[in-house]
Amino acid sequence: MPKSIFAFDTKVIRSPQAELGESPIWCHHTNSLLWVDIKKGKLFRLYPDLSDVIEIQDIPILTSAVLPTNIKNFFILINIDGVYVLNYKTKELSIYFEFEFNNGGIRTNECQISPDGNIFISVMDKNANNPIGMIYEFNVKRKELNCIHSNLLIPNTMQWFGGGFWFADSGRKAFYRKDLNTNEIEEYPVNYIADGSVLTKDGVLINACWGDKCLALYDLNNSMQLIGRIIVDSSQPTSCIFSGIDNSTLYVTSAYDGLKKITTNDGRVTSIKTSFIGQPSNTFVL
């Protein structure tokens, strides 16, 4: 276990307890945080500048991702049926691209926007038992969905850094780096169950460790060397995102899914004022 513990000011937000809180994003148009509860079909929106006011909307069950766009109050939602555009103000949900998976035993999981504006979309076994998980690249210009990796249990974390595409398989406790030029893949086993991640400007990957009440920090410039942890007061942190004007405050989502004993902070969001500067998030252009 790492010896370095990063001590930062943390605050648990009095948000609703999410069964499977995931996919936090920061909306720079409105200085607000959005995330989903995959299993309950909820979209949450937090306004830190308005005394942590929280809005809640119903969305389709098993929607696993909300993603930012270039238009204020318009967001991308993704589930096994396809890519949708949400008009947040009117709550209108319109199909952007329809999937044709024809497999009732899978659902979407981690999804992210790539630096070139495409959307990377993962699918997995609904019960997380079989290695049928895949990662697809949705090419926006050609409206094509192409598989780029298969045989995954629980695909998680999608980041681009140093000429590579970094992703994780939670079920195998491993990260992978796919070289964007050669397509060669390197595997990096870890001690934690790697869930969602965010990246700093300096190439530190901050990863939510499912079941370990912490975030693990890995240096992508140095073969994923573990440089320390940030402790959080929720049993199952799921993902994180940088926010704010200086992009240094972390928001961490969590889940109470599967817990025999649910504590007060399980499923809630935690804010952490860090000394790191986050890599700016990619935005989908409508």
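Each Cβ is built from the backbone N, Cα and C atoms, and glycine gets one as well.
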Per TrEMBL, Glu22, Asn156 bind divalent metal cation; matching candidate in Asp58, Asp116, Asp195, Asp202: Asp195
For the domain 'SMP-30/Gluconolactonase/LRE-like region' (20-255), the mean pLDDT of the predicted model: 98
Cβ neighbour count within 10 Å of Asp195 (divalent metal cation binding site): 28
Neighbouring C-beta atoms (10 Å sphere around the C-beta of Arg107 (substrate binding site)): 22
Local Cβ density at Glu22 (divalent metal cation binding site) - other Cβ atoms counted within 10 Å: 26
Cβ-Cβ neighbours of Asn156 (divalent metal cation binding site) (radius 10 Å): 28
Between Asp195 (divalent metal cation binding site) and Arg107 (substrate binding site), the C-alpha gap once rounded to whole angstrom: 16
